[in-house]
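Peer 1: Structure incoming, see below.
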Amino acid sequence: MSLLELKDVTLKFGGLTAVNALNLSVKEGEVFALVGPNGAGKSTVFNLISRFYTPASGSIRFDGQDLLARPSHAVPALGVARTFQNIELFHQATVLQNLLVGRHRHRSTSALENIFFTPRVRAEERAHREAVEEVIDFLDLQPYRDQRIAGLPYGIRKVVELGRALATKPRLLLLDEPASGLSVEETQNMRWWIDDIRRQMGITVVMVEHDMGLVARVCDRVVALDGGKKIAEGTPAQVQSDPAVIAAYLGTSAVSKTASASGERQ
Amino acid sequence: MRFHFKTNYDTDIDLFPDWWKRGLYLALLVFAMGLPLLLDEFFIGEMTNVLIWSVSGLGLMLLTGQTGQVSLGHSAFMALGCYACVLMMEAGVPFIVAFLLAGVITGVIGGLIAIPALKLHGVYLAIATLALAILADDLIVLLAPWTGGVNGKYAPEINILGLVIDRWSTPDYYYWMVLVVVLGVTWAYRNILRSPLGRSFAAVRDSEISAQAMGVDIARTKTMAFGLSCAIAGLGGALMGLFAGAFNNETFNFLIAIQLVMMVVVGGLGFIHGAFLGAVVVAFLPQLLSILTSSFGRGMSVPGLETGVFGFLLILFILFEPMGLYGRWLKIRTWAELFPFARKDMFKRQKSYLKTERLR
Amino acid sequence: MDVVQLLVSGLANGCVYGLVALGFVLIYKATEAVNFAQGDLMMLGAFVTLGLVNPQYLGMPFWLALPLALLIMALIGYLIDATILRAVFGESQTAIIILTIALGFVIRFVVGVIWGHDPQSLHSPLAGGDLRFGGVVLSIADLAVIITTLLLTFFLFQFFQRTRIGLAMQAASQNQMAAYYMGIPVKRVQGLVWALAGVVAAVAGVLYASKGAIDPNAGFIGIKAFAAAVIGGFGSLPGALFGGIIVGVIEPFAARYLPPGYSQIAPYALLILVLVFRPHGLFAQVRTKKV
């Protein structure tokens, strides 16, 4: 059964159709990638799932629940976590505090209890901290625990953002370009982490990524988008050799014949 | 530099990280409590004034420093707290109940007002709250039957279980009473900071979009922050009105709100210490200036001097020490702790570029 | 006739609010910052002109002093940007709001020290003299205010829509980094805008002081001008003027037809209504951040 299901989702910004009648189905436990040239609508799909945008038509379901019936802040409660293309951390706070915000959906204390810091709040804080420490151990963030984000290098911030998403204990993890801007070594680490996230934690991963090397190594299935439309779907190898995908990356005119043969394109 | 060898998570959860810090603040508390034994009545009055300003300052700090929302209208909520408290006292409600209820009422009304105001960002919120402060001034005049209008009201006697607290006859008691309020508010403030509530405030301040992606309800969080901030400001306002003895619409003029904003910035945005340091500046600057002007032999007061100098100070702070007095102290402390290894660029401001969120 | 008279006097007042609002919008459009000291700049402009023209000060001829005053105010605007605002370049709006409020206090203090706190009126050829149309009295000053405001708004609107530098200003405000990459000298553009805002403030100040007496607290009309700018929509020049006229017209009508005490409230109540129901003025232009 599929965990995440997009059916005929269309999103328009004024005259521009950013996502066009898109169907996606992500199975529980797989690592799934969205690829495509810039402006293909990959991040937009994430923003639709996060409910930052509301589609003009279509449905988005997660684990059988209708996401479109929920506001943006109620999506994480179902177990959907995400990272951002241009790192959106709480830059004034420390790494630890950032990760603790990830535990927000697991809190059960009221504001009033918080103000008086009742024993229940304390007990819950300990539990949050333990959960966060697991993430810190997993991602080797120990040296940075009490450092403010503002002073951290880019590569570390990227890892912290992944950690914050993991701290929510999600069932589905949306990674928006997890390897962009990372060094070869950091990308290597990212690959192992993504493998472990799937194997050890059993989290389903959907990622947007340009690094086809990384995609080929960690992903089970790939969907290629162009102009908001799905142009290919399959294993990384299949998609990489798909003529429509090659056309999308190299320009339509070069291979227009093969492209038009493999699907209706504008 | 002291190193903490943390052996359990409670070290990070507790109010103080170690016995040294705990002792330090305990000593400060003992000192603050014993102050009336050391100072004469005039200076105790001044210290009380500082503490009252810090209460209101803590209120605004929670909103501006922690949640990143600017309010130029907190004088309205100070007025609300003051009138609510005094009206209840006049109706025969015991002081303690009236005082706490005044905070609750101000908080609830503040939260209600925040709901439409929440849709507003930065500038718009600033303008809306400024309008609110000006409206409050006029409303107090219009509601003369209850508020006494321009003629104002006299503060009733504060009586806590038979103990009469009066600014003039028992200044020490008044000081201690305010100190208790300050302690309570500071404790609640710290609790908020170390709990999920405070983290959601900071999340909203730093990135609304990713706060949302972590499941933080932005509207609820902002309403909560605004309400709490107003409640604390209301308590501060009640203390201020009672301390003044008599008050009218002018007591809580919109300039008070602006002074409050300036105060938290000069003290250090986002730090509890900042509210106190800012309050010291606000309370003592007029005294200092009057001493200076009289020593220059002018003998007369220069209108607008206080606000002018305060504005000038504020400009200097934003330009050269955006983290305020407390930020300066932190830098000095870090420099001393690391001596001689501190680097000059450790606190350098990061270059930033503004990117608009508007369309056209 | 009564209504027409109220309308006319409201219109003239509204134009002054509109001019100050124009200053806000100008700076907002080009730098995305809000200048809370614009009202005080207007007051400063009035006093600079007054200092040049009035016989107890320099006693210069008005038409000679006016361009000089405009030049001085342009310079002051530019210097404010160069010395103060450039240091917080790229900082949050909150910092700039607080900074400009403080600046307003300083300007008010300095003006008080130089020219005193008593109300004074500008010896302007616009002052005095009335025109009568039937039963409606229109002072020459009011007429001058209305005409100047319309011309200035038109000119500035054209400037932003048509000229290269105007477009550069808009681009600079929307994405400073990208504007840099496109070769727009963002900081110089910003300085220019502040100079322009200084000139607009001076014009508003001269007109204000021609209509009646002025004292250092006159800068507080900046708050009403804010209401005007918000009602019109913060990014729109004609909107600012329109908002100013609405606020200006509401005031005399409220004073005439509402019980006493309610008339001061009217503009702010309107402001809050607009903010609640049309949070971004009459021309919305905010969208959520892209991630």
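Please read every residue number as a count from 1 along the shown chain.
For all residues, glycine too, the Cβ spot is worked out from N, Cα and C.
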Peer 1: If you check TrEMBL, which stretch out of B:252-271, B:332-351 is marked transmembrane segment?
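Peer 2: Checked against TrEMBL: transmembrane segment maps to B:252-271.
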Peer 1: Counting only CB pairs under 8 A, let me know which of B:24-44, B:50-65, B:224-246 has the most with the transmembrane segment (B:252-271).
Peer 2: B:50-65
Peer 1: What stretch of B:122-146, B:173-189, B:224-246 shows the most Cβ pairs under 8 Å to the transmembrane segment (B:50-65)?
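Peer 2: Most Cβ pairs under 8 Å with the transmembrane segment (B:50-65) come from B:224-246.
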Peer 1: So what's near the transmembrane segment (B:24-44) in sequence-distant terms, Cβ-Cβ under 8 Å and 6+ beyond its ends?
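Peer 2: Apart from its flanks, the transmembrane segment (B:24-44) reaches 16, 171-172, 175-176, 179, 183.
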Peer 1: Sort out the residues at least 6 away from either end of the transmembrane segment (B:276-296), same chain, that have Cβ-Cβ distances under 8 Å to it, and list them.
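Peer 2: Cβ under 8 Å, 6 or more out: 46, 49-51, 53-54, 57, 259, 262-268, 302, 305-306, 309-310, 313, 324-326, 329.
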